[in-house]
């Protein structure tokens, strides 16, 4: 199961209390203070890892605590610091602070602030600091107070509620209406094997595939089909669109037979409009248009008019058939070519 959102509550370790203690040695009946400091509480750290692909683990566990610091002891012995807790998440996870403290909180205290965007493996961020250990009575000895009977309590560790949001990292993102043939296409171009069936909404979660050519490769993401109103959440479109935000290139697959009576050019305009409404930066990404299902007579009849309109707007249109394989080599070549150009820009 692909889970791309999770809410978690974190409690960092409390600091250990300082100790009140006095030396008790032979021939020194009234020794001075020797109470040690308490240890610091453990921090909670979030780390990105390539070993994880979804946030499903947080469906089963959503509360996390790090270890508290140990109490100080006599003989000026300091308490040990609490062990830090490292929570691993997939690369591509956005970490949002919902609120300080335990959920639920008053709506006025909800922040939804992005505190980290973990796009590389091994990135770390401390999200909850452990409490400070309290000082023992040794530290309070002075010329006017030779036998202090005071020590500090450790301070509490931080509490925080976070929202984790996974955005897939891929070079190319497949977008289009349901049943446009995206799943068939990714299965032909890459090693991905999504469920394929002749009805809409077959793909209900994103799939990643590796497209290879000699010593080159790139990651291709098949996103569930979009419909009109997707940017407002219709058909869960807003949840799917976020996964295309990190892609460098958009591969727009259009069914040349039309979707639910719409002509292909209208379908193309609608999906681009949904992407732009969700995030205007989508329109800054290079986009290749795959005119699919050209093995069918109805599709071939629509191809010329579609190509004229769409290419006239500056988009490269490549006729393909995911079923017969027609045009796939050309499509793959153009994708590799465009990706190499984008790398040069970076």
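Easy rule for this one: first residue shown is 1, then count along the chain.
Yeah, the Cβs are placed from backbone N, Cα and C, and that goes for glycine too.
Automatic, uncurated: that is what TrEMBL annotation is.
Between the stretches 117-136, 137-156, 157-176, TrEMBL puts its region 'Disordered' entry on 137-156. In the compositional bias 'Polar residues' (139-149), the DSSP tally of helix, strand and coil residues is 2 helix, 2 strand, 7 coil. Proximity to residue 183 (Mg(2+) binding site), defined by a C-alpha to C-alpha distance within 10 angstroms, is shown by the following binding-site residues from 176, 224, 293, 321: 224.
Summed and averaged per residue, pLDDT over the domain 'OBG-type G' (170-340) gives 83.
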